[in-house]
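J.: Structure below; questions to follow.
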Amino acid sequence: MKIAVIAVQGAFREHIAALKSLGAEAYEAKWARDLEGADGVIIPGGESTAIGKLMREYDMLEPVRELARAGKPIYGTCAGMIVLAKRIEGEDTTHLGLMDVTVRRNSFGRQRESFEAEIDIPAIGAPPFPAVFIRAPHIVSVGEGVEVLATYEDRIVAVRQGNLLATSFHPELTDDYRLHQYFLNMAQAPVAH
Amino acid sequence: MSNVGTDRVKRGMAEMQKGGVIMDVVNAEQAKIAEAAGAVAVMALERVPSDIRKAGGVARMADPTIVEEVMNAVSIPVMAKCRIGHIVEARILEAMGVDYIDESEVLTPADEKHHIDKTKFTVPFVCGARDLGEALRRIAEGASMIRTKGEPGTGNIVEAVRHQRMMQSAIRRVQAMSEDELYAEAKNLGAPYHLLKQVHDLGRLPVVNFAAGGVATPADAALMMELGSDGVFVGSGIFKSENPEKYARAIVQAVTHYQDYELLAHLSKNLGQAMSGIDLATLREEERMAVRGW
């Protein structure tokens, strides 16, 4: 199984290491052509404005949308969640615009308010997940067909919509790879559209 | 139960900046240009380093009004500089909600013996280093990100190259050492053993390692990535060039695609005049910023 990790900016190396440790083939995608034949895509944490802008300039948005339409799993962490969202609060433009959610950027505050917390994610079972929130976004509202996987203090921080997965936090910064495994399981059992 | 200001949160913030460009700005307008060009963060300053050189005298933390103006103008992280050892400037910047503090040799040092104990802060710090020993001393004090010092405000990449070369070659040397050799090496470098052991095991610094000081062109930025930097700070190089928007966009792309030479050729075309450079041999010893800090 070949997972393309968008590598225009951000913490892509950590995602690749996590996927490889789970036995998947993972590689850096810097151009549209790198997305051909991918069985799944991860959009890492980083700066969503920079990642969105570069993906647009390198014509990577449409190939990712095509993979999504073909039922391949797409996972966005933090900035990646913003890139996936159909609506970004206070902004007219979106990036991939795939996931039927409204996100609020930097919703927990500035860097000094960034935090770690243990959160329950029933879909991956016990124990609680060590979630690292860095200038993190959260999901303000979800459309129909979006499953809320986790909340933190009443804010939605993990969601799934068919083959799309998004978290406000950064599993790639911990050594708990259960969410990466969950994502790989999605790739093995594609969701029909 | 949530924890703020942990190592993972502070270092993680820098991890998110990797492969990106952090640009010096002196007002809201420049900050917006930087953000639109794809900068991953901006450094809010009263003057860029080349103007600090020209102005002379004591260079201090920027007026908080400027930092606030920049913070209100953009949604990307905002960094700001305090003087080496100036605990109170750092506390002021932290209180204002700045996302990252650069304890910087570009400003006039406030303490000739002690850097700030950065472990006591919730906000993360970046510090300059010329070699591995200096980097590990800063990390021991709580720095969550390291950058080369380079020679800021000169548009001359030679010092940044020297520092990154020294860092990377020392890392390779340490990686090859036997575990018992690390004790003596820790003494040689003046670095804590436990951090040196991490370098030995990881084959890199335990925190993100950026290039800074003298980056003037897309090719300079790509060179620093080639030498193993995780990302690049550009100070005077953007807003002292003839066409800041073009330079900013070109340098962002050069960092992402630093090994794509055809693209770099394309990016380097018709950029207009780069910032004017300074031959370091013409600088007097007291004008050199890289030698500040220890």
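Keep in mind that glycine also has a Cβ here, set from the backbone N, Cα and C atoms.
Quantities reported herein were computed from a predicted structural model and do not represent experimental measurements.
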J.: Going by TrEMBL, B:ASP24, B:GLY153, B:GLY235, B:SER236 bind D-ribose 5-phosphate; tell me which of B:GLY56, B:GLY128, B:GLY203, B:GLY214 is listed for that site too.
T.: B:GLY214
J.: Where the distance is taken from Cα to Cα, which of the recorded positions B:LYS81, B:GLY214, B:GLY235 turns out closest to B:ARG165 (D-glyceraldehyde 3-phosphate binding site)?
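T.: Nearest candidate: B:GLY214.
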J.: Around the recorded D-ribose 5-phosphate site, report the further residues of that chain (criterion: Cβ within 8 Å of the mean position of the Cβ atoms of B:ASP24, B:GLY153, B:GLY214, B:GLY235, B:SER236; site residues excluded), sequence-ordered.
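T.: Checked against the 8 Å cutoff, the neighbours are B:VAL48, B:PRO49, B:SER50, B:VAL106, B:PRO152, B:THR154, B:GLY155, B:GLY213, B:VAL215, B:VAL234, B:GLY237, B:LYS240, B:MET275.
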J.: Of the residues named as D-ribose 5-phosphate binders, B:ASP24, B:GLY153, B:GLY214, B:GLY235, B:SER236, how far apart in Å are the Cα atoms of the most distant pair?
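T.: Maximum Cα-Cα distance: 12 Å.
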J.: Who sits close to B:ASP24 (D-ribose 5-phosphate binding site): which same-chain residues at least 6 apart have their Cβ under 8 Å from its Cβ?
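T.: Within the chain, B:ASP24 (D-ribose 5-phosphate binding site) has Cβ neighbours under 8 Å at B:VAL42, B:MET43, B:LEU45, B:VAL48, B:PRO49, B:PHE233, B:VAL234, B:GLY235, B:SER236, B:ILE238, B:PHE239.
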J.: Sorry to bug you, but what's the C-alpha spacing from B:GLY214 (D-ribose 5-phosphate binding site) to B:LYS81 (active site, schiff-base intermediate with D-ribose 5-phosphate), rounded to the closest Å?
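T.: If we compare the Cα positions of B:LYS81 (active site, schiff-base intermediate with D-ribose 5-phosphate) and B:GLY214 (D-ribose 5-phosphate binding site), the gap is 17 Å.
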